[in-house]
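One structure below.
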Amino acid sequence: MEVLLIMSQRIAIVGGGRIGEALLAGLLESGTQVKDLVVVEHSAARAAEIADTYGVLTTDLTTAVEGASVVVVAVKPKDVDGVIEALSRLDDDDDLEHVIVSLAAGVTISHYENKLPAGFPIIRVMPNTAMLVGESMSGVSAGRFASQENIDLVVAMMSSVGKVLVVPESQMDAVTAISGSGPAYAFFLAEAMVDAGVGLGLTRAQATQLAAQTIKGAGILLTDSGSSPTDLRAAVTSPGGTTAAALREFERHAVRSAVNEAAFACAARSAEGAGGASASSEGAAVSPDRS
Ligand SMILES: NC(=O)C1=CN([C@@H]2O[C@H](COP(=O)(O)OP(=O)(O)OC[C@H]3O[C@@H](n4cnc5c(N)ncnc54)[C@H](O)[C@@H]3O)[C@@H](O)[C@H]2O)C=CC1
Ligand SMILES: O=C(O)[C@@H]1CCC=N1
């Protein structure tokens, strides 16, 4: 259904880096036609790579935006202002409304609204790299000029590459801390498990297969079983058994607290603009200093 909704709506992706490519690949995989996608990428080498791999048109911003219902900003936060300036200067002939979808961590909707001509619909989205395999978790917040139709279009687009949670923008830093950066936390755990397996005498290939399939299986149990993480963990933990011995070490090394501190640091970085030009104008949902 999501694919039908966005069918024939041209999507321009500005920034063909890791997240732009993940969105592009996910959209193609979910049925969006090559003709309905266009990429703007500053690096000529990278643009050629994207065009060769996916067969999509890579072009300049003016050509890309012409006829595009959705313009996705997928550049680093520090490069967002350059894109906003270029968008402000555009004088396209089509009568289409262009919905701007910003994927940039920490860049607020008001940052766009203050710099673009009045009335531009802005929707801020925090996806993750699992768009590549159609399993993103994306937070979506709409700006004041976005209509319900605009929101439905963007929710449909992001639903075609994973799950969507619509949140007020005040929760976007927290979303970034859990699901935006979250895949890296899981990969970090996987790396540690692989190293531990090698330490225990497994080959790296064996340890990688064991860790990856275990994390995949645990993820599916989490999403599909209807049980809480606490109940699922309890089901693995036999009284006086092996898992209890392992979990005791996690608690002794304060892993739970480390995850909490990491998420707060991530949210604080998002609130300060994630290395871009703008700091959150509406205040962070969390503060880096909670003492
Ligand atoms: N990597 C991730 O897991 C996630 C990243 N994001 C956000 O996505 C954005 C992009 O991140 P990545 O893809 O990781 O960065 P990246 O550095 O891999 O890609 C950015 C691309 O934009 C291009 N670029 C820069 N200025 C441009 C312009 N004016 N016009 C056209 N292309 C331009 C660069 O050449 C580069 O290829 C960031 O704002 C980040 O906060 C959001 C969610 C997850
Ligand atoms: O590390 C970053 O800044 C980006 C935003 C969310 C995930 N990666």
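Along the chain as shown, residues are numbered 1 onward.
Just so it is clear, glycine is given a Cβ too, placed from its N, Cα and C backbone atoms.
According to TrEMBL, the NADP(+) binding site annotation covers A74, V75, K76, P77. Feature annotation from TrEMBL assigns compositional bias 'Low complexity' to 271-285. Look at TrEMBL and you will find 10-106 tagged as domain 'Pyrroline-5-carboxylate reductase catalytic N-terminal'. Look at TrEMBL and you will find 169-272 tagged as domain 'Pyrroline-5-carboxylate reductase dimerisation'. The region 'Disordered' annotation in TrEMBL covers 271-291.
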DSSP on the domain 'Pyrroline-5-carboxylate reductase catalytic N-terminal' (10-106): how many residues come out helix, how many strand, how many coil?
44 helix, 21 strand, 32 coil
Cβ packing number for V75 (NADP(+) binding site), 10 Å threshold:
25
For the NADP(+) site built from A74, V75, K76, P77, further residues of that chain with CB within 8 A of the site's CB center:
G15, G17, V73, K78, D79, V80, V83, L103, A104, G276
Sorted by position, what residues of the same chain at least six away from A74 (NADP(+) binding site) have a C-beta under 8 A from it?
I13, V14, G15, G16, G17, I19, G20, L23, L103, A104
For the domain 'Pyrroline-5-carboxylate reductase dimerisation' (169-272), what's the model's average pLDDT?
98
Including all protein chains shown, what's the count of other C-beta atoms within 10 A of the C-beta of K76 (NADP(+) binding site)?
15
List the helix, strand and coil residue totals of the domain 'Pyrroline-5-carboxylate reductase dimerisation' (169-272) as derived from DSSP.
87 helix, 0 strand, 17 coil
